[in-house]
Amino acid sequence: IASGHMYCARVWIPDVEEVWKSAELTKDYKSGDVSLQLMLEDGKVRMIRRGSHFNILTQDFNIEHKLDPKTKNLPYLRNPDILVGENDLTALSYLHEPAVLHNLKVRFIDSKLIYTYCGIVLVAINPYETLPIYGTDIINAYSGQNMGDMDPHIFAVAEEAYKQMARDERNQSIIVSGESGAGKTVSAKYAMRYFATVSGSASEANVEEKVLASNPIMEAIGNAKTTRNDNSSRFGKYIEIGFDNRYRIIGANMRTYLLEKSRVVFQADEERNYHIFYQLCASAHLPEFKALKLSSANDFLYTRQGRSPVIDGVDDTKELCTTRNAFSLLGINESYQMGLFQVLAAILHLGNVEIKDRDADSSVIPPNNRHLMAFCELVGVTYQDMSQWLCHRKLKTATETYIKPLPRLQATNARDALSKHIYAKLFNWIVEHVNKALVTNVKQHSFIGVLDIYGFLASFFRWICLSFFEQFCINYANEKLQQQFNMHVFKLEQEEYMKEQIPWTLIDFYDNQPCINLIEAKMGILDLLDEECRMPKGSDDSWAQKLYNTHLKTCSLFEKPRMSNRAFIIQHFADKVEYQCDGFLEKNKDTVNEEQINVMKASKFNLLVELFQDEEKATSPTGQVQGTGGRTRLSIKPDKSRDTSSKEHKKTVGCQFRNSLQKLMDTLNATTPHYVRCIKPNDFKLAFSFDPKRAVQQLRACGVLETIRISAAGFPSRWTYQEFFSRYRVLMKQKDVLADKKLTCKNVLEKLVQDQDKYQFGKTKIFFRAGQVAYLEKLRADKLRAACIRIQKTIRCWLARKKYLRKRSAAITIQRFTRGYQARCLAKFLRRTQAATIIQKYQRMYVERKRYKQKQAAALAMQTILRAYMARQKYQALLREHKAVIIQKHIRGWLARCWYKRCLEAIVYLQCCIRRMRAKRELKKLKIEARSVEHFKKLNKGMENKIMQLQRKIDEQSKENRLVNERLVGLESSYTVESERMRGELNRLRGVEEDAKNKANQVSSLLEELERLKKELSATQQEKKTIEDWAQSYRDEMEKMVAELKHQNGLLKKEKDDLNRLIQEQSQQMTEKMTRAIAEETQQLETDLNEERSRYQNLLSEHLRLEEKYDDLKEEMALSSNVSKPGHRRTDSTHSSNESEYTYNSEYAELEDGTRGREDVTRGIDTSLTLKLQKRVTELEQDKQLLRNELENREEQLQRASAMVPSPIFTARGAELEYESLKRQELESENKKLKHDLEEMRKSLLGNAATGAGAPGSPAYKVLLEQLNASCEELEVRKEEVLILRSQLVSQKEAMHHKVTMTEPSVYKDDVSKLKDDEVKQAYVGLKDTNRSPRFMRQQLEVSDLLSRLRSAAPDLRKLNEDGELWLVNQGLKETIRLLEHQLQTQRRTYDNEVESLRSELQNVKEENNRQQQLLAQNLQLPPEARIEASLQHEITRLTNENLDLMEQLEKQDRTIRKLKKQLKVYSKRIGEMGGQTSPGQMVDEPIHPVNIPRREKDFQGMLEYKKEDEMKLVKNLILELKPRGVAVNLIPGLPAYILFMCLRHADYVNDDQKVRTLLTSTINSIKKILKKRGDDFETVSFWLANTCRFLHCLKQYSGDEQFMKHNTSRQNEHCLSNFDLAEYRQVISDLAIQIYQQLIKCMENILQPMIVSGMLEHETIQGVSGVKPTGLRKRTSSIADEGTYTLDSILRQLSAFHSTMCQHGTDPELIKQVVKQQFYIIGAVTLNNLLLRKDMCSWSKGMQIRYNVSQLEEWLRDKGLMTCGAKETLEPLIQAAQLLQVKKKTDEDAEAICSMCHALTTAQIVKVLNLYTPVNEFEERVSVAFIRTIQTRLRDRCESPQLLMDTKMIYPVTFPFNPSCLALETIQIPSSLNLAFLTRV
């Protein structure tokens, strides 16, 4: 230790006022020095302890501290500032008394923290102020947390006890001790409240409420005001809280110890009697208390002795109401309550009975004493008997009985003894009945005991002369508890060393067994006291002499006072205590006049008789009848009616107390103890005032310092290897860092600490002796300080260099600009010189060029005239020749065509005759072959070959089509180029001719015009002069007028601008005012609406909770009734929440009798409870209906407000939807129009074919008709494909909108060029006949002629187009191109679908791969047997999924085969037609083969029919047995909802109201049932939330309401419900969706809750930023990510899993946004709450970690496109808390910035963060108290909730925006995997 006493070292020195004072060494200590040179921190005068006295050394800063010459002990060293304020005192490097006291003071005064750990002990300092740290939110925050992970709290101790009970299967005890007024009772009460809140009860009897209700009762009858405490417990109690095997509260049992009965008859100054007396006196004015004849407390002797009848801030009247309510809750009815109050009032009246002296040896009560009369009337005894035995007593001898009068003093004592005895009896009776009320018939599995033991009082730690029997018993009990505490601490320390395999030696600790033996051993103090009580003439003096003779010389712990022979001194574990012997024997015997007891027993008051009926049975140590729950009674009067022999066997109070204390110790030793030590900070009840002297006295007495001493004797500081490495990584060199962290730590520690005795290496931890952590912290701080100096040096160098470079750059810039100016001057001179030269050059050039231009113009004029004349002559000759050629061409062409047509007709006729003859022969052969059987066999056998041939022919035809298209394109392009060239040449020649004519005519006219203009010019010049004169005068006048007008105009403009500005300002103000008013109104309406929604949804959740409790109660009553019913028993949880109002239950009709019988049994068991529940349900139904109406009104108001101020987002969204709807309607109308045209064309073609069957060309009509039929079939096939594609596209995550443009295709040259000859013929013939005219009918142009012309080298385009043939070909090509484009689009869509399906399959394969990897990793961690079982289970699941996938693929293949068969028929028919096509006119008389037109599939109406008896099967297969992870994964999103709605549509279609009701009821009840069964499975809840919402949307979309039909197609509008209005059921389903949503949120919260704190706070996302501080015995969770810890990536992965699951289930996007918002609120709230409850997390580096984590969450929102869902705003409090940790916190400007920045945090949260702010390094500074007060002053005017923590259970109100489905009901296919074959599509 001497090595630490160097210069500037800080030490603790003794001080009179503050016990210990901090000082700093001004000179190094050297061995042999007798004093230390110190400097006090504050420079005040201090008293320095020297041995047993104090001296004032100096009044200056510097002092000289003399060392003790005997011990040579140096002063205690101070811990580094970074360790001050730690949560655990064992985390301090130097463990000693001043360090403990200082740490507690800093936490209590500066940080306002009242709880601190000291190893296994929780030190609680009474703040004398109500703190907001005990609410339900705090309980929820501590629930489930490890004890070291949160800041110290009584809830942390309670949670640790509860957790160990469940984990270790061992009973627990919480031992709360401390001085009177230290807050023991409050701590015990909060511990019990914690158990009641977190565990709940196993039944509906509200046991936890009863346990808490016992507190106000016991406080009223057992607590009183003392000088130290306004609510001091005057008895000890041990409460055992029982739990069942599921660790829910089932009951409790209370044992009481040593009630202070003397307080009933006597109170010291400034103290009160028990609270119940003052409560009765304060309520005396109430009518029910008139019979008690009470008045003010000052009127009664027993309540006025302390002269302090009122406690500030306490209303006794209200307290009595609380007490009475507690009595009622515990089953003590009004009559018993009034009986109790009657007894209490009688005690007050008895105290006022005045006893007067009759003579020296007797006394008398004056007759008609009103108080005695009131007493006798209240307790039902006779006045004469009571007055007789108050002043007399009966003495019995062997032969006679004497009545002896009592002197007044003895009579008064007898009266007081009776009062005390009655009160003790009453107290025990109440405790007994409280225990009876807390006992249940459920078997107790384990318990947690809470021991609220007596206050130490002052006598426990300093000399006092008023310690009597009660204090002796208290100190005896505390000696036993202290021994148990010491043994437990030593045992834990020993187990820790053995666990870590550390060599250890026995630690010397104080053993108080000799003191306990002095009290309880044979011939001990209690034994001698009992012996003296049995002596006939025993007295206090004789007992004292026996004590002196027995122990004075044999026991060093027993002493005799110098000045007294009636007292003794005992050396307790804390200090010496002197006890006065007066009254020991009397209190130990606890005697009461037997005749007075007999009078009480003869009372007519039944309750009083009940109090005294067990008088003769009170022989057990607990003073109770067997079977009453083990309650202890201590103040028992011996039974005087029994004989002397039995009197000797009665146990005294001391003996009873010893036995009950031993039983208590046995109970505690059988449990795992947890210790709470309460400290009283001052004697004046001042809030947050710390008296060091009082605190250190209690610390010495309560064993805290003993714990510190035991820890300090060994290795108090303990680090894991990872924590040591993270903290002291800066002290290591790179070469020292090895892969093995343990070896690295060993090597480094051996270099840093030379003495190996200062540390030990355990299995998982490094153990340090006291002071070594401080030494390591000093080394670390020095290293960091050196690094800081180096950083500062580098930065300053960089700043200086930057400044130099700036100056250098400025000088260079100045030089550059100067030189530039000079260069510009020189350049200007040179430019001027050059410019002058250039001007001269251009002037000379201009003169010469002008002369040249004049000559050139004259020559050109002469050339022009000559060339024009020659051109006109040549043009006339060419024109005449061209016209002659044209005339010849037309004549020759007409002759050639006539000859050609005649030849062609003859040839065609001849060909037709020959082909007809050959066809007849071939027909005969075919008929013969057709009749033979072999022919059919050959056809069937060669069908495959024919198919291949047909395919080959199709390929050949496509190649020919491409060739023809290419040829046609080439011909058309050449023709177009040639015709354009010829037209251009012709137009040019015509223009030249016209120009020549015009110019010739213009020459003469121009000459005439020139003469006329000359004449007009002279006249105009004269007029011009006249006009110019007039204009000049007019201009002058107008200028003057304009100037005046401009001036006036300027004035008017100015006035106009002022008026416009005023109007604009007013309009702007009005607009802003209106906008503000509308915005405020809208915001208020939205707020009100959200509040109403939240209230309504909370009522729904409360209703659901009541339903569940009701179901559980019915099940419990059914079990207890032992009524067995065959078959399935249905619970009410499967009923709809509004079944009585909306539904009719018929799905379980066969079980109604059994249910009714069970209800009769339960009603008989607890009718009142059932009626209360029914009444509560009715009230909730009414409230829900009112709230629903109010919610609708609010929504209407919100809609009106939103209509007044439309949102741009919704407007744009609506416009986009309207645009899409308009496009869809246009496409549908265009499609209908095309269908209509096709029908008309078909009819007209059939009519024409019928009339002109024998005319030439009639077969072409039938060919075209067949083509149209084939096109119709193709169209139907494509329609089916489109519908299938739609159903597949709906299943994708994002809706894909296919925009189909129905524009008329243009002629593509490439496509036309690729057409084959046959296709050109077909198109030409068909469309020529369709569009023919009479002119064409007379002269037909044949196809061969057309082809020959097209394929000629230089076709005559004029001849080709003279009869319109080219237009016909163009039309045919257009039709062909349309067909090709349609096929191309079909193939493209098919390709897109295939690509999408492949992508989805790839994604599924990836997910399956990940799932397999996860399963493999999980299986590897299992034992071999479990691994085999898991593998088999996984293989079965995989095979099942593959089987389902194969079934779906088989169905898809069946559909594909059907589609291909249809296409094959169409193509085969086309090939047959093309292969057998002949010329028109040849087959006029031949029959045409009939065409096979396929039958269209049935047009379904989107309904599903089922039988009545199949309803249960439908519900079972579709809801109860449907697994989202199995079958439902591959379904269309929302398919169960669609199927249910289609079944509902059919029931509506057939107008079956009963079927509608039963189907809806079964659906709702089944969904509730599956959610109750599998409500913890997120996928199940998400799946049914999505389907419930989809079912709700379907009910709205097809309801027939105009507001829901706007987005429907005409086909969907035809599917609307026609017979029933299901608006009420929509509300029921909406309520169900709300319940499912809340269950989904709870499910997600349960999954996320364990991840949030670890991932957001504890894990270091940015490694190395946060330094690990030293921790104490209760190790915190390490911030280093181990294999099993959660990280931020775990949270993000879980959020992504939630999001993908909801998207896969088809959840509405708006609903997903609300879910994500709720998730982020939970993350932010839990993180902030833990930040507010963890001092070690409030640092600058942790703030940076939190901000980084929040940024990662925001990045996740951006990736998912959810930035607008409001999730980011829910993290605002957490973001501001992180910013608060990082901002500067010193000046007033910083305070102002913090107040403006932290608008989302409450004042309590801001102050809490500032109080908890803890520097991780020495370079950070703590927040001063003055700065925190400045913040509080600035935030004083804020109107906000005082709640500290955020409500993690808060759920935002959910809405379900209407989301119509674009999926057509008639296209939905039901997979066979659902086993719904009994459903029939209608």
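Cβ coordinates come from backbone N, Cα and C, glycine included.
Record features, source TrEMBL:
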{"type": "BINDING", "residues": "Gly178, Glu179, Ser180, Gly181, Ala182, Gly183, Lys184, Thr185", "note": "ATP binding site"}
{"type": "REGION", "residues": "618-651", "note": "region 'Disordered'"}
{"type": "COMPBIAS", "residues": "636-647", "note": "compositional bias 'Basic and acidic residues'"}
{"type": "REGION", "residues": "661-683", "note": "region 'Actin-binding'"}
{"type": "REGION", "residues": "1119-1160", "note": "region 'Disordered'"}
{"type": "COMPBIAS", "residues": "1136-1148", "note": "compositional bias 'Low complexity'"}
{"type": "COILED", "residues": "1170-1285", "note": "coiled coil"}
{"type": "COILED", "residues": "1370-1470", "note": "coiled coil"}
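Long-range contacts of the region 'Actin-binding' (661-683) within the same chain, counting only residues at least 6 positions beyond its ends with a Cβ under 8 Å from a Cβ of the stretch, are 104, 108, 118, 120-128, 154, 157, 160-161, 164, 168, 170-184, 187, 191, 228, 238, 255, 257, 449, 451, 476-477, 480-481, 484-485, 488, 621, 689-691, 694-695, 698-699, 702-704. Each residue of the region 'Actin-binding' (661-683) gets a DSSP state, and the totals for helix, strand and coil are 9 helix, 8 strand, 6 coil. Taken together, the residues in the coiled coil (1170-1285) have a mean pLDDT of 55 on the 0 to 100 scale.
For the binding-site residues given as Gly178, Gly181, Gly183, the lowest number of other CB atoms within 10 Å of the residue's CB is seen at Gly181.
In the shown protein chains, 26 other C-beta atoms lie within 10 A of the C-beta of Glu179 (ATP binding site).
Around the Cβ of Thr185 (ATP binding site), the number of neighbouring Cβ atoms within 10 Å comes to 22. Cβ contacts within 10 Å of Lys184 (ATP binding site), excluding its own Cβ and spanning all protein chains shown: 27. Per-site Cβ counts within 10 Å over the binding-site residues Ser180, Ala182 peak at Ala182.
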